[in-house]
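Peer 1: Let me begin by handing over the structure; questions about it come next.
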Ligand SMILES: O=C(O)c1cc(=O)[nH]c(=O)n1[C@@H]1O[C@H](COP(=O)(O)O)[C@@H](O)[C@H]1O
């Protein structure tokens, strides 16, 4: 299915993995006018903090706060409450925290919404198996038997049972996740590498065009844009590929 420029750009989440807010602002300026999502992860949040998230929101961006919470249910509930109050559009937890932890995250969202009617409900998703994980990591290091896809599908089923909106997985698993959990269950897929770009630490990758053709809702792209000599051109090229999927 062909996408318009706006549809494709709206499915692109740019990972702002920078050490300082100043450096992130440089990239944001170079991408000005592109209606993409912005993802703030641990590296930037631990220096830029909530103020940087508010700055992105004031510029009109949709924001995915990627802090991958994984803790006891009560702590995650509190974290989810604070994140919801910050006004982000999406945030995540680790599905490995289990059913009670994921339900507690949802409770944290609901309690924040009840305390302030002006707040918008953020999408809450769970990380299945990190896109850097391969079968050897899974079986030999982590000690989970079976294929990576089996493990991803099992976490996706748990995430759905907990009532969350979707999962983070690799684009290679999108088809199976949608088949199992339904088309409306959101997939957010990092592990995106345009042809010829170094995979780095990512193990389970597809190109932007392939990922969109698999039916993913959002692709997360960091270094192929942030480390490019001309980031705007790299982003526009990726959006062009997405439009052709
Ligand atoms: O939750 C995430 O966003 C995430 C989950 C995952 O399984 N793999 C993964 O790469 N990510 C994030 O997606 C981004 C990918 O960045 P690049 O590999 O530079 O494109 C990084 O910010 C990661 O933290």
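A Cβ is built for glycine as well, from the same backbone N, Cα and C atoms used for every other residue.
From TrEMBL, here are the annotated features:
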type	residues	note
DOMAIN	11-238	domain 'Orotidine 5'-phosphate decarboxylase'
BINDING	17, 39, 66-75, 131, 193, 202, 222-223	substrate binding site
ACT_SITE	68	active site, proton donor
Peer 1: Return the residues near the residue listed as 'active site, proton donor' by Cβ distance under 8 Å, restricted to its own chain and a separation of at least 6 in sequence.
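Peer 2: Listed in sequence order, they are 42, 92, 93, 94, 127.
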Peer 1: Just to be sure I understand the contacts, which binding-site residues have a Cβ under 6 angstroms from any atom of ligand 1? Candidates are 17, 73, 131, 222.
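Peer 2: Checked binding-site residues vs ligand 1; flagged 17, 131, 222.
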Peer 1: Just counting, how many other CB atoms are there within 10 A of the CB of residue 222 (substrate binding site)?
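Peer 2: There are 19 such Cβ atoms around residue 222 (substrate binding site).
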Peer 1: Count the other Cβ atoms sitting within 10 Å of the Cβ of residue 131 (substrate binding site), across every protein chain shown.
Peer 2: 25
Peer 1: Do any residues at least six apart in sequence from residue 70 (substrate binding site), in the same chain, have a Cβ closer than 8 Å to its Cβ, and if so which, in order?
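Peer 2: Once residues fewer than 6 apart are set aside, residue 70 (substrate binding site) is near 76, 93, 94, 96, 97, 101.
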Peer 1: Counting every protein chain present, what is the number of Cβ atoms, excluding its own, within 10 Å of the Cβ of residue 17 (substrate binding site)?
Peer 2: 19
Peer 1: Restricting to the chain of residue 73 (substrate binding site) and a gap of 6 or more, list residues whose Cβ falls under 8 Å of its Cβ, or answer none.
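Peer 2: The list for residue 73 (substrate binding site) reads 97, 100, 101, 103, 104, given in order along the sequence.
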Peer 1: List, in sequence order, the same-chain residues at least six positions removed whose CB sits under 8 Å from that of residue 67 (substrate binding site)?
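Peer 2: For residue 67 (substrate binding site), the qualifying residues are 41, 42, 45, 79, 83, 91, 92.
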Peer 1: Check residue 73 (substrate binding site) against DSSP and tell me helix, strand or coil, would you?
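Peer 2: DSSP assigns residue 73 (substrate binding site) to helix.
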